[in-house]
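A.B. asks: Before I ask anything, here is the structure I am working with.
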Amino acid sequence: MQSFRKIWNKPRPDDWMPLARFYYADSALNDIASELDSFDGRRDPDRCNALVTRLRVAQDRVLHIITEMLIHLYPREQDRACRDFRIKFPDEILHDTLPGQLWFGAECLSAGSNIIDHETESDLIRPLAKEVTKQLDILRDLLKNQSLRDPSAYNPVIKENLLKFDKLFAEFEYQYVSAMVPVKSVKEHDSQLDVAVLFSEVLSLALEKDLITQDLIDYCDPSVMIAIPRLGIVWGLLVYSEGALNVDVPAENLSEMFRPFYSLLVKIRNLLRILTPVELTRLETVLCKGETAVPEDSSSKLTMSDFRTNATDEEKAKNNQRVWMCDMPSDSTSSLDSDLRDSASEATSLASSGLTSPSSGSEDNLNRMVDKSDEELDDDVIETASSEENESDSNNENVEMVASSGDSSETESNSKENEEDVDEQATLQALAHETAEQLVAIKKKHEKHSKIIIPMQNEPRTLIDPKNLRSRFRSSEDLVHRLFVCIAGVADQLQTNYSSEIRKVLKIILQPSEVIPVYEVVNAQVANNSTEGEETGVEAQETLPLPAFMGVRWVPDEDCEQCTACSMPFNFVRRRHHCRNCGRIFCHKCSCNSISIPEHGYDRKVRVCNLCYVHRLNPFGCNEQSQASENNTGISSVAEQSSAQATSASS
């Protein structure tokens with residue numbers, strides 16, 4: 001009986017309804033599965049791999065048709081299973097063939113296989129995989145039987161099983177993907193949203209300051225993608241300091257993207273706080289445009305007295321470091337020398353490279369650029385904290401010993417460098433004496449506690465003097481250049497190491513939201529029963545454009561009594577044929593061609609009219625041909641009229 005039903009009630013192959021398409025997709029899947037089970041895959045592995053690939057494609061096609069049925073029956077998303085968890089998945093997981101891979105994975109788990117290196121997770125989700133495959137088999141039987149009865153109707157049993165399968169499949173998708181790849185937690189997702197909020201505020205502020213134009217955003221210029229993370233670091237540390245880049249909290253509370261750069265962000269914030277408004281504007285411009293030559297105001301130029309003051313401060317810092325190294329062990333001195341040489345070489349290489357974006361190295365390379373200034377900063381913190389607790393009495397012998405060592409070193413340097421002035425030598429000697437006294441007082445004070453307290457790297461440095469911090473840079477351009485290299489380095493490493501997260505954040509703030517038109521019905525009457533309401537809904541849906549997978553609307557048979565092309569009337573011999581491309585009715589002579597139309601869901605060749613066939617083969621020559629045919633028709637009609645007039649005149 002089932003075979004007779006298949007023969008007489010089998011849907012047409014070119015039918016666009018989901019149930020009719022499901023019938024043939026399920027039949028193709030069964031044929032591939034039976035062929036795969038009929039031979040030993042170890043003897044012919046190439047054929048086995050090809051069949052497995054075809055099987056997964058067929059499974060994916062069946063699941064897509066089932067999804068179309070769910071969307072057709074339940075247009076609202078809240079009526080179907082929730083899949084908001086997909087926002088936690090990586091971008092490489094979300095693709096069109098994901099449903100087929102999930103079905104294949106569920107069958108493998110049901111058969112007893114395990115996910116590689118995830119045996120424990122496989123045992124946990126195996127019962128759910130068995131339930132999914134069982135429910136899918138039941139649903140396939142119901143849909144196939146219904147396609148043989150009436151492909152245009154869905155009974156309540158099918159609707160109930162569709163919803164049940166949708167819920168089970170969504171739950172299996174989350175557990176299976178979570179076992180395969182790392183999925184973000186709620187805290188990590190909230191941190192990513194905080195970064196999106198920060199970048200959105202940065203984009204608005206950049207538009208107000210004319211750093212980024214609306215045309216660049218509309219055309220998705222790459223410079224916008226580069227400038228937003230850079231400006232986000234600057235304004236996230238200065239303007240929106242309580243947001244995603246709040247470095248006053250522990251590093252664990254930051255986003256996963258900025259967590260490796262926590263210590264470097266603290267140093268960048270300290271340098272940003274000493275910038276003048278002119279320097280900050282110059283830094284923002286350089287970060288956005290990458291210009292090596294930025295116009296400089298006359299007020300920001302250094303005079304000779306300022307340069308001498310900066311040089312004196314630098315020499316003072318060097319003398320402080322030299323005297324401090326007199327009391328350090330040889331191993332510590334050698335390690336400090338190596339660090340200073342590394343930082344100096346790094347600064348030299350960066351200065352020679354100009355205002356260009358640094359390569360995406362590690363955080364240690366970026367930290368090394370501010371290492372020298374940071375060491376001097378630690379010395380000043382120790383000196384300031386210790387000078388407040390300095391005792392009145394001091395050891396004069398130790399002072400003289402350290403001072404004499406400083407004098408001898410200065411004498412040797414003066415013998416080598418004859419160009420130095422006498423005033424500068426006296427200044428340096430006085431600084432050496434003063435520094436030696438302070439260091440001896442520090443050592444005498446902390447001998448009771450047997451250790452010197454040095455502030456940690458991640459602790460907020462409240463004792464930083466902006467004047468001393470600024471004096472460590474040669475000029476204002478040097479400070480801006482150092483900040484540019486550090487900020488651009490962090491931003492470029494974000495683009496390289498966290499490209500997926502950055503792409504998601506930029507997509508949130510740059511992609512325009514989809515606008516759904518809302519139609520208002522004026523003087524509408526409320527339906528009295530559910531039947532009228534359902535008819536109103538169907539009538540409203542008729543005016544909306546159909547999706548591509550549903551094909552085109554066919555002209556009803558009763559509305560056309562003759563061929564659309566040749567105008568010959570239809571009879572018992574001359575039958576009606578619909579064109580699958582335009583939906584109009586033609587005779588057999590005017591629709592004898594066949595082509596495939598993938599955009600309408602016809603992968604195999606189907607019947608089309610002659611005009612659509614010519615247009616598909618040569619879309620540019622179709623208009624010329626139609627115009628030529630119209631001209632020939634006009635000429636023939638004129639000839640017929642002239643001959644008729646001649647006949648009437650002769651008669």
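Using the three backbone atoms N, Cα and C, a Cβ is placed for every residue, glycine included.
What Swiss-Prot lists as Zn(2+) 1 binding site is Cys563, Cys566, Cys587, Cys590, and the listing cites sequence analysis. Sequence annotations record features per position, and here Swiss-Prot assigns Zn(2+) 2 binding site to Cys579, Cys582, Cys609, Cys612. Under the heading compositional bias 'Polar residues', Swiss-Prot lists 300-310. Sequence annotations record features per position, and here Swiss-Prot assigns compositional bias 'Low complexity' to 345-363, 395-412. Per Swiss-Prot, compositional bias 'Acidic residues' is recorded for 373-394. Residues or ranges marked as region 'Disordered' in Swiss-Prot: 294-425. Residues annotated as zinc finger in Swiss-Prot: 557-617.
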A.B. asks: Under DSSP, the zinc finger (557-617) has how many residues in helix, strand and coil?
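C.D. replies: Taking the zinc finger (557-617) as a whole: 17 helix, 18 strand, 26 coil.
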A.B. asks: For the zinc finger (557-617), what's the mean pLDDT in this predicted model?
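C.D. replies: Computed over the zinc finger (557-617), the mean pLDDT is 85 on the 0 to 100 scale.
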A.B. asks: Taking only same-chain residues 6+ apart in sequence, whose CB is under 8 Å from that of Cys609 (Zn(2+) 2 binding site), what do you get?
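C.D. replies: Within the chain, Cys609 (Zn(2+) 2 binding site) has Cβ neighbours under 8 Å at Thr564, Ala565, Cys579, Asn581, Cys582, Arg584, Phe586, Cys590, Ser591, Asn593.
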A.B. asks: Can you tell me the CA-to-CA distance separating Cys563 (Zn(2+) 1 binding site) and Cys612 (Zn(2+) 2 binding site), as a whole number of Å?
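C.D. replies: Cys563 (Zn(2+) 1 binding site) and Cys612 (Zn(2+) 2 binding site) have their Cα atoms 15 Å apart.
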A.B. asks: On a count of neighbouring CB atoms within 10 A, which of the binding-site residues Cys566, Cys579, Cys587, Cys590, Cys612 is highest?
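C.D. replies: It comes out as Cys579.
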A.B. asks: In the structure shown, which of the binding-site residues Cys563, Cys582 has the fewest other Cβ atoms within 10 Å?
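C.D. replies: Sparsest of the binding-site residues Cys563, Cys582 by Cβ contacts within 10 Å: Cys582.
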A.B. asks: Taking only the Cα atoms, work out how far Cys566 (Zn(2+) 1 binding site) lies from Cys612 (Zn(2+) 2 binding site), in Å, as a whole number.
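C.D. replies: Cα to Cα, Cys566 (Zn(2+) 1 binding site) and Cys612 (Zn(2+) 2 binding site) are separated by 15 Å.
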A.B. asks: Other residues with Cβ within 8 Å of the Cβ centroid of Cys579, Cys582, Cys609, Cys612 at the Zn(2+) 2 site?
C.D. replies: Arg580, Asn581, Gly583, Arg584, Phe586, Ser591, Val608, Asn610, Leu611, Tyr613
A.B. asks: What Cα-Cα separation, expressed in whole Å, is found between Cys612 (Zn(2+) 2 binding site) and Cys587 (Zn(2+) 1 binding site)?
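C.D. replies: Here the two Cα atoms are 14 Å apart.
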A.B. asks: Taking the mean position of the Cβ atoms of Cys563, Cys566, Cys587, Cys590 as the Zn(2+) 1 site, which residues outside that list, in the same chain, have a Cβ no more than 8 Å away, listed in sequence order?
C.D. replies: Gln562, Thr564, Ala565, Ser567, Met568, Arg574, Phe586, His588, Lys589, Ser591
